[in-house]
Amino acid sequence: MAAYSYRPGPGGGPGPAAGAALPDQSFLWNVFQRVDKDRSGVISDNELQQALSNGTWTPFNPVTVRSIISMFDRENKAGVNFSEFTGVWKYITDWQNVFRTYDRDNSGMIDKNELKQALSGFGYRLSDQFHDILIRKFDRQGRGQIAFDDFIQGCIVLQRLTDIFRRYDTDQDGWIQVSYEQYLSMVFSIV
């Protein structure tokens, strides 16, 4: 099961809990075969997107699917083989557990207050104004809430931007030439 390499969660903190055990290999192999529609031995982003559910009866965010595939596709084949799929399975399952933890009203969506709780739990300290920006950016349905797949995508993007910011914040004071939130606001406005 070396396919799953732990990636710290958003903020460098816990993110998806790494504690959940994988189902047995035969179960995962059966799932893999059902998802691998063209029997190529590699699950493409389209195949994975069709297999995933975000709980809203809308297609899983293709950007999220591509991000997840790229994290686990060690051979740059635009998909994941069975070994890599076990990592994808665990990664998504871990994110489901995080999502359910912070979806306090069990609506299947993360609202602004739940998002604040989640990001605070990951170690982020952001303003209400910035939480509004995140909701607007990742709410594909325009309901003021974020679905599961968009929650993953938002956390992935925030983590990547944080990593970039930290590279330039050499004295680790939360400032480069602009404040962290100004930087994120600028980047999110063009992403």
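Using N, Cα and C of the backbone, Cβ positions are placed for all residues, glycine too.
Pulled from Swiss-Prot:
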{"type": "MOD_RES", "residues": "Ala2", "note": "N-acetylalanine"}
{"type": "BINDING", "residues": "Asp36, Asp38, Ser40, Val42, Glu47", "note": "Ca(2+) 1 binding site"}
{"type": "DOMAIN", "residues": "59-89", "note": "domain 'EF-hand 2'"}
{"type": "DOMAIN", "residues": "90-125", "note": "domain 'EF-hand 3'"}
{"type": "BINDING", "residues": "Asp103, Asp105, Ser107, Met109, Glu114", "note": "Ca(2+) 2 binding site"}
{"type": "DOMAIN", "residues": "126-161", "note": "domain 'EF-hand 4'"}
{"type": "BINDING", "residues": "Asp169, Asp171, Asp173, Trp175", "note": "Mg(2+) binding site"}
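A simple way to gauge crowding: the CB of Asp105 (Ca(2+) 2 binding site) has 10 other CB atoms within 10 angstroms, across all the protein chains here. Neighbouring residues of the recorded Ca(2+) 1 site, listed in sequence order and excluding Asp36, Asp38, Ser40, Val42, Glu47, comprise Val35, Lys37, Arg39, Gly41, Ile43, Ser44, Gly79 (Cβ within 8 Å of the Cβ centroid). Other than the site residues Asp103, Asp105, Ser107, Met109, Glu114, same-chain residues with C-beta atoms no more than 8 angstroms from the centre of those residues' C-beta atoms, the Ca(2+) 2 site, are Tyr102, Arg104, Asn106, Gly108, Ile110, Asp111, Gln145. Across the domain 'EF-hand 2' (59-89), DSSP helix (H, G, I), strand (E, B) and coil residues number 19 helix, 2 strand, 10 coil. Calculated from their C-alpha atoms, the gap between Ser40 (Ca(2+) 1 binding site) and Trp175 (Mg(2+) binding site) amounts to 48 Å.
Around Asp38 (Ca(2+) 1 binding site), taking its Cβ as the centre, 10 other Cβ atoms fall within 10 Å, counting all chains. Residue counts for the domain 'EF-hand 4' (126-161) under DSSP, split into helix (H, G, I), strand (E, B) and coil, are 25 helix, 1 strand, 10 coil. Taking the Cα atom of each, Asp171 (Mg(2+) binding site) and Glu114 (Ca(2+) 2 binding site) are about 31 angstrom apart. The residues near the Mg(2+) site, meaning same-chain residues not in Asp169, Asp171, Asp173, Trp175 whose C-beta sits within 8 angstroms of the mean position of the site's C-beta atoms, are Thr170, Gln172, Gly174, Ile176, in sequence order. Reported as a whole number, the C-alpha separation between Glu47 (Ca(2+) 1 binding site) and Trp175 (Mg(2+) binding site) equals 42 Å. Using CA atoms as reference points, the binding-site residues Asp105, Ser107, Met109, Asp169 were checked against Asp36 (Ca(2+) 1 binding site), and the closest is Met109. With a 10 A radius on its CB, Val42 (Ca(2+) 1 binding site) counts 20 other CB atoms from all the protein chains. For Trp175 (Mg(2+) binding site), the same-chain residues that are 6 or more apart in sequence and have a Cβ closer than 8 Å to its Cβ are Asp169.
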